[in-house]
Amino acid sequence: MDHSAKTTQNRVLSVKMWPPSKSTRLMLVERMTKNITTPSIFSRKYGLLSVEEAEQDAKRIEDLAFATANKHFQNEPDGDGTSAVHVYAKESSKLMLDVIKRGPQEESEVEVSKDGDVFFDISGGSRAFIEEEEARDLLRPLADPRNSYTKIRFSNRSFGSEAAKFAASVLSSIKDQLTEVDLSDFVAGRPEAEALEVMNMFSSALEGSKLRYLNLSDNALGEKGIRAFASLINSQHDLEELYLMNDGISEDAARAVRELLPSTDKIRVLQFHNNMTGDEGATAIAEIVRECPSLEDFRCSSTRIGSEGGVALAEALEHCSHLKKLDLRDNMFGVEGGIALAKTLSVLTHLTEIYMSYLNLEDEGTEALSEALLKSAPSLEVLELAGNDITVKSTGNLAACIASKQSLAKLNLSENELKDEGTILIAKAVEGHDQLVEVDLSTNMIRRAGARALAQTVVKKNTFKLLNINGNFISEEGIDEVNDMFKDCLDKLVPLDDNDPEGEDFEDEDEEEEGEDGNELESKLGSLKIKQGEE
């Protein structure tokens, strides 16, 4: 009898401990609101929420914590409720800390541009899953029939199916007023089936909108993802900017993009960075590029493209006479691709930025590009050719090309093999460049003479901001000389802490010690005139 009574008493206590009363839940909301709005070390770093915003967050946190704890309690029907209370408190504390670290303006950030466009943005704060209840809270301004939003960004949040259903209903009601949509990184961590379902919902909701900007990057789309957005992509006839970066764009996915795009006449920006495109995929992208007469900014970097795909892209780009920015970094074009690009660059006279690092161009490809650019792109501002196995053999042509670009602001030739001779030629080439801001010749087997020549040239320029010659073979004396030149502007010199004074040039192991010989080399090359081509 005593044991039975004790068991009954435990069960009664269990009921009293869980669920908490309404007043207890309201009290927790009040306490969290107070904690969130109290100045702390976190608020000094992330900002302090207003009482109104804190109260909304506190209510949402309590609801989520209660749901989690209640589910825990239901899974342990014989428990006394103690563990559920513990989960309730722990989850509330965790979510409250997330909000404090997130800072204010979490609900949405609204910006009004000069042309009157209104921008709705929920990408701020920590990357997180979003379910229906939070979606209703976050997207409330969009659901207001009086809203005038024309641009939206839903990135950095992962939408579940239920949240997507609500979001889709909202987007469907305002799609006619939207001109820019950013859905980058909006299904992260979701199972493939759910992610594709979410994509389909958003696609259907936005079908028929007249967008000028569409960003679907960072979603690991692949062909399935591209086709999940088929109804949206296929209905866009006025696109000016399309971003498909870090999306698993394979050969088949690239073909799907080509198939689904109904019109490319107005596209000015097209970016495919960091995909698994390969040569066959590059051929499909080339077919898109060929039909983009208005293209101004093309990026296809880190896409595993070899010589065959490089040649296809180069030939397609010949049709883009308005191109200003070209980024093909980190592919395997090789010499053949470089020569094809040279032919293309000769007709792209409006280029202002060229990024061709890590393409395996070697001297032959570099010479071809240099000769082509000598007669093209007179307003070039950025030139990057890092990591292309460039030696002094092709530096003469390259220096002549650089000397002809008086608008050049940024030059990156890092991770090549220019050595002193090539470096001194480059230094002479930029002598008259009054707009030069940044030069990177790190990791180029440069010794004292080359380092001194380049430093002397750039340090006296009023516009100059950063020189990087780290990772070379500069002697201790050379380092001291360079540091002394920059003693009044040390922020303009990347520290030389990775320099190796004992570095060996294995092609010339018998080279004599620096010093007088370095001065002789500098003097000899300094008297050379850089040939800038024949008219």
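Just so you know, glycine gets a Cβ as well, placed from its N, Cα and C.
It should be emphasised that the depicted structure is a prediction, and the values quoted were computed from it without experimental measurement.
According to Swiss-Prot, the region 'WPP' annotation covers 1-115. The region 'WPP' (1-115) scores a mean pLDDT of 72 in the predicted structure.
According to Swiss-Prot, the feature repeat 'LRR 2' maps to 236-259. Residues 184, 209-223, 225-227, 266-278, 280-282, 284-285, 287-288, 294, 299, 303 of the same chain lie 6 or more positions beyond the ends of the repeat 'LRR 2' (236-259) yet place their CB under 8 Å from a CB of it.
Counting residue by residue with DSSP, the repeat 'LRR 3' (264-287) contains 10 helix, 3 strand, 11 coil. Look at Swiss-Prot and you will find 264-287 tagged as repeat 'LRR 3'.
What Swiss-Prot records for 353-376 is repeat 'LRR 5'.
Same-chain residues lying 6 or more positions outside the repeat 'LRR 6' (377-400) and placing a CB less than 8 Å from one of its CB atoms are 329, 345, 348-367, 369-371, 407-419, 421-422, 425-426, 428-429, 435, 440, 530-533. Swiss-Prot lists 377-400 with the feature repeat 'LRR 6'.
Note on the repeat 'LRR 7' (405-428): DSSP counts are 10 helix, 4 strand, 10 coil. Annotation comment: Swiss-Prot describes 405-428 as repeat 'LRR 7'.
The repeat 'LRR 8' annotation in Swiss-Prot covers 433-456.
Per Swiss-Prot, the feature region 'Disordered' maps to 493-535.
Taken from Swiss-Prot, the feature compositional bias 'Acidic residues' applies to 497-520.
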For the repeat 'LRR 3' (264-287), distant same-chain residues with Cβ under 8 A (at least six beyond the ends): 212, 217, 238-251, 253-255, 257-258, 293-310, 312-313, 315-316, 327
Secondary structure content, the repeat 'LRR 2' (236-259) (per DSSP, counts of residues): 9 helix, 3 strand, 12 coil
Residues in the repeat 'LRR 5' (353-376) grouped by DSSP into helix, strand and remaining coil: 13 helix, 3 strand, 8 coil
